[in-house]
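Over in Swiss-Prot, the protein carries these features:
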type: TRANSMEM; residues: 55-75; note: transmembrane segment
type: TRANSMEM; residues: 116-136; note: transmembrane segment
type: TRANSMEM; residues: 150-170; note: transmembrane segment
type: TRANSMEM; residues: 190-210; note: transmembrane segment
type: TRANSMEM; residues: 224-244; note: transmembrane segment
type: TRANSMEM; residues: 274-294; note: transmembrane segment
type: TRANSMEM; residues: 305-325; note: transmembrane segment
type: TRANSMEM; residues: 331-351; note: transmembrane segment
type: TRANSMEM; residues: 362-382; note: transmembrane segment
type: TRANSMEM; residues: 388-408; note: transmembrane segment
type: TRANSMEM; residues: 418-438; note: transmembrane segment
type: TRANSMEM; residues: 447-467; note: transmembrane segment
Amino acid sequence: MEVFGDNKMFYMRDTWREGTMICDVLPINPSSNGVWPQQKFSDPNINVHFWNYAFPHLQMIFLIISFLWQFLHFFLRRLGMIRFTSHMLTGVLLSKSFLKENSAARRFFSTEDYKEIVFSLTAACSYMMFWFLMGVKMDTGLIRTTGRKAITIGLSSVLLSTLVCSVIFFGNLRDVGTKNSDHTLNSLEYVVIYSIQCLSSFPVVGNLLFELRLQNSELGRLAISSAVISDFSTSILASVLIFMKELKDEQTRLGSVFIGDVIAGNRPLMRAGIVVLFVCIAIYVFRPLMFYIIKQTPSGRPVKAIYLSTIIVMVSGSAILANWCKQSIFMGPFILGLAVPHGPPLGSAIIQKYESAIFGTFLPFFIASSSTEIDISALFGWEGLNGIILIMVTSFVVKFIFTTVPALFYGMPMEDCFALSLIMSFKGIFELGAYALAYQRGSVRPETFTVACLYITLNSAIIPPILRYLYDPSRMYAGYEKRNMQHLKPNSELRILSCIYRTDDISPMINLLEAICPSRESPVATYVLHLMELVGQANPIFISHKLQTRRTEETSYSNNVLVSFEKFRKDFYGSVFVSTYTALSMPDTMHGDICMLALNNTTSLILLPFHQTWSADGSALISNNNMIRNLNKSVLDVAPCSVGVFVYRSSSGRKNISSGRKTINGTVPNLSSYNICMIFLGGKDDREAVTLATRMARDPRINITIVRLITTDEKARENTVWDKMLDDELLRDVKSNTLVDIFYSEKAIEDAAETSSLLRSMVSDFDMFIVGRGNGRTSVFTEGLEEWSEFKELGIIGDLLTSQDFNCQASVLVIQQQQLMI
């Protein structure tokens, strides 16, 4: 039946597909003429509304899916679940299980008409771009630097697990049923299930660690390295198996395989050769082309849009080529993604341009559209259900064991081994895509696909909350020994971790390190860590410039830091030892890099720049970086040693401790003294601050004044008897120390108002203040002031000194003594 419109431009026709009438519109017009329906035919029942067109329909589905998964995630994240679980549940809600056949909602989300082409193409492009972006984020250098532990765990968790499952499968095949019928699983389905169950994909593991904020932890780095090894080994194995299967089918078709048929018939050997040629082109042509684009991009300028568009066209072509070569559609884009240099400027430009749209909109659409074939009602009475559950549980247990055993062999704690096994057993978008591809090609039946999707949903819902409970990243930063300045042996080496966030932090940090008075008798070993935000790659990078473990182009990230601290080392040759590092990671996990480096090098002090910077005269606020503030607070919470937060103010009227001299032994007769005041209220943080001030007093050009606040309040004294005894003992040693010249005074204070007045009267007399943080410690000197504090990380006294009301132009160093110990 054909119905022509008045303009003769299109018609509607009825076609039959398996007994179902499908109305099609020719020629296909993907976009409508507007929201309001227009009368085109005499019969109003055949009018075409705007939602009957492909693109408006697709946009409405995007909107519904985005709303649903974000609504679900709003509640599920409070249970410790990640976004992928919300994506899967959205797909389940829109599947056959909940949308009944022939209902209006089912017809709206159905693709059984001309819109199927648009929907399928959109889902395929989403999956293709996801793998390309994961390739861009992935650091291929991680493979070269992977240790034996990660290689052993990666190979064992995948290859050995698959081998053992194969033995179990063939050995117990008769017990679980092997007849090829509509009611039981066939052998191909078993192979597909346990093969996918034994995999560990880098994108899946990386996304899980990112959402749990574990990628910077020791466990996270090990899991990422193991997943990379697993990915590459399984990719090579899968390519070989696909090639062998194609070759076997070709041999069956021809009776033999020879060169003539290969060349003339476009068969498996030719496809394999094209795949190898494509990899070589990606390495030796595409990657140099990417470096050419980087070279053509001026420093600080964005990458030209034409370059990015050309890359995306090449990615689409690689997906088509991979599909033609009988490989997975993501193989080509993933290889091209690996060939793109990660990080700025090109890698980060690609990520910034496409990541939000792909991960926020298109990827949920792919997951939801892949899950629409889930039909829970088909499982009732299905005889193969027990068999598929058995093989899934068996595969999980085998993989869990073969991940745990190698980890135990390398001496990892039992809890960490279990956590690592759960991470490697996590299932995500890769497994969903693999099952969807198998279902599309007829390798698994609808019931098997339904169970597999439900298992992935259950797996993603259970494992993340267990990991949050089982593994605490802060626990690994706790030490067995006291790592602070107060308990260091006299004249022993002081190890300091100096953090650099901005180039403006370099000079103040060097100035502070000089004030600590390094000498040959009591040297200072400083570990300089330049922290940069991770953009354009998935796995964090940690560069040791001393070992030169990274490529030369990556060391340019920290060139200013390297040059400045190398000069500092030469100026204090024999008294200062410098090791410089660069860490590229997400802001939420940067504290892991800081704490791990401090733990590995047994430092006694971590120096952190304050998140605010001021003008040259110290009066005007220039920048206020909340990301740095959150990072500092995270370090204060989990640091394995003492921590100092340095609030630097450079005033033209103030003196610079390093001005006029190049070495610690050199003296300048006309050099003005540098006045430092230590405000002592009592407690372990203040005792740590006194220890640092005493060390600074060894420099004859630094005048140290210790002002102790005392009170006659008996109640306050009774509540801190033990602390007061330790305070008195330390201060007695300081006053009796004849090697340093320290001015000591005591001020009687009755309440917080007098404390504030005293500090206000002192701010113009000193160049720097040193105070203890005193976190959680109540004192009559500060009672009532805490509720007015703006920066809790500075403590009450430190916050007062940095507040605008005080008009203090002196620098402030806030000290917190080591808190975490096992």
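Glycine residues also receive a Cβ, built from the backbone N, Cα and C atoms like all the rest.
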Does the transmembrane segment (331-351) reach the transmembrane segment (116-136), going by 3 or more CB pairs under 8 Å (6 or more apart in sequence)?
yes
Is the count of Cβ pairs under 8 Å between the transmembrane segment (418-438) and the transmembrane segment (362-382), pairs 6 or more apart in sequence, 3 or more?
yes
Intrachain residues whose Cβ lies under 8 Å of the transmembrane segment (447-467), provided they are six or more past its termini:
76, 79-82, 84-85, 88-89, 91-92, 185, 189, 193, 196, 208, 211-212, 214, 371, 373-376, 378-379, 382, 384-385, 388-389, 392, 419, 422-423, 425-428, 431-432, 435-436, 438-439
Sort out the residues at least 6 away from either end of the transmembrane segment (362-382), same chain, that have Cβ-Cβ distances under 8 Å to it, and list them.
61-62, 65-66, 69, 84, 87-88, 90-92, 94-97, 109, 111, 119, 122-123, 125-127, 129-130, 183, 429, 432-433, 436, 439, 446-447, 449-451, 453-454
Positions whose Cβ lies under 8 angstroms from the transmembrane segment (274-294), at least six residues beyond its ends:
239, 303, 307, 314, 318, 321-322, 325, 327, 332, 335-336, 338-341, 345-346
